[in-house]
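Going by TrEMBL, these are the annotated features:
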- Leu20, Asn27, Lys156: xanthine binding site (BINDING)
- Ala128, Asn129, Gly130, Asn131, Ala132: 5-phospho-alpha-D-ribose 1-diphosphate binding site (BINDING)
- 41-168: domain 'Phosphoribosyltransferase' (DOMAIN)
Amino acid sequence: MEVLKNRILKDGVVLGDNILKVDSFINHQMDIKLLNQIGKEFKERFKNIEITKILTIEASGIGIACIAAQYFDVPVVFAKKHEGINMDKDNYESEAFSFTKKKNYKIKVSKKYLSAEDKVLIIDDFLANGNASLALIDILNQAKSEIAGVGIVIEKGFQPGRKLVEDKGVKVESLAILESISNGKIIFK
Ligand code: 5GP
């Protein structure tokens, strides 16, 4: 997706050898015009697949998923990392290792919102080692929902996430794939 790649080159900031900061337009301040283009592109990539729900993970996936959902005309469910007193007790649960926080965290989705009738598209901002996507796939398997695919805004192609997700038999569509971000230089595949 050219407009996204150009924006990453213009405003993305490389931290060390493997973190790309896009918080001026995607996951802190959000460029809604760009997110709409991203939502339309996800719809185009999954246009031939029936989808009844979008599943993402808090926090940074939520905004992207909500805007994409308008093009699919389906609800968004997001996996919660933090339990509040108002959270249902009957949940699907999984565990993931956070790439950015370097620790394990639990994710939960109420059993009310995913079922065997659902055909679910997973959406997230980044795909790195695949931990977030694999935990969401685990939750969908527990719910016996059909997995329509994984839609990713930025895939770090030099990390193993895509292979691990595809090994589960799940299609991955990424809108920008990074080949490397070494020495502060962003190179796309
Ligand atoms: P994974 O679970 O695939 O290892 O990593 C995906 C999650 O980690 C995403 O939800 C994203 O929030 C975060 N993440 C991974 N790599 C990056 C990165 O380079 N930059 C940012 N901003 N987040 C990342």
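Residue positions begin at 1 at the first shown residue.
Cβ from N, Cα, C; glycine included.
TrEMBL labels come from automatic prediction, so no person has curated them.
On the structure: features taken from TrEMBL.
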{"residue": "Leu20", "record": "xanthine binding site", "contacts (Cβ under 8 Å, 6+ apart)": "Ile8, Gly12, Val13, Val14, Phe126, Ile154, Lys156, Leu178, Ile181, Ile186"}
{"residue": "Asn27", "record": "xanthine binding site", "contacts (Cβ under 8 Å, 6+ apart)": "Ser60, Gly63, Asp125"}
{"residue": "Ala128", "record": "5-phospho-alpha-D-ribose 1-diphosphate binding site", "contacts (Cβ under 8 Å, 6+ apart)": "Asn18, Phe99, Lys156, Gln159, Gly161"}
{"residue": "Asn129", "record": "5-phospho-alpha-D-ribose 1-diphosphate binding site", "contacts (Cβ under 8 Å, 6+ apart)": "Phe97, Phe99, Gln159, Pro160, Gly161, Leu164"}
{"residue": "Gly130", "record": "5-phospho-alpha-D-ribose 1-diphosphate binding site", "contacts (Cβ under 8 Å, 6+ apart)": "Gln159, Pro160, Gly161, Arg162, Lys163, Leu164, Val165"}
{"residue": "Asn131", "record": "5-phospho-alpha-D-ribose 1-diphosphate binding site", "contacts (Cβ under 8 Å, 6+ apart)": "Ala96, Phe97, Ser98, Phe99, Gly161"}
{"residue": "Ala132", "record": "5-phospho-alpha-D-ribose 1-diphosphate binding site", "contacts (Cβ under 8 Å, 6+ apart)": "Ile57, Ala96, Phe99, Asp124"}
For this session: Would you identify the secondary structure of Gly130 (5-phospho-alpha-D-ribose 1-diphosphate binding site) according to DSSP, in three states?
Result: coil
Exercise. How would DSSP class Lys156 (xanthine binding site) in three states?
Worked result: strand
Seminar exercise, completed: Secondary structure of the domain 'Phosphoribosyltransferase' (41-168) by DSSP, residue by residue, totals 39 helix, 44 strand, 45 coil
For this session: Please state how far apart, in Å and to a whole number, the two most distant Cα atoms are among Leu20, Asn27, Lys156, the recorded xanthine-binding residues.
Result: 16
For this session: Using the recorded 5-phospho-alpha-D-ribose 1-diphosphate site (Ala128, Asn129, Gly130, Asn131, Ala132) as reference, state which further residues of the same chain have their Cβ within 8 Å of the centre of those residues' Cβ atoms, listed in sequence order.
Result: Ala96, Phe97, Phe99, Leu127, Ser133, Leu134, Gln159, Gly161, Leu164
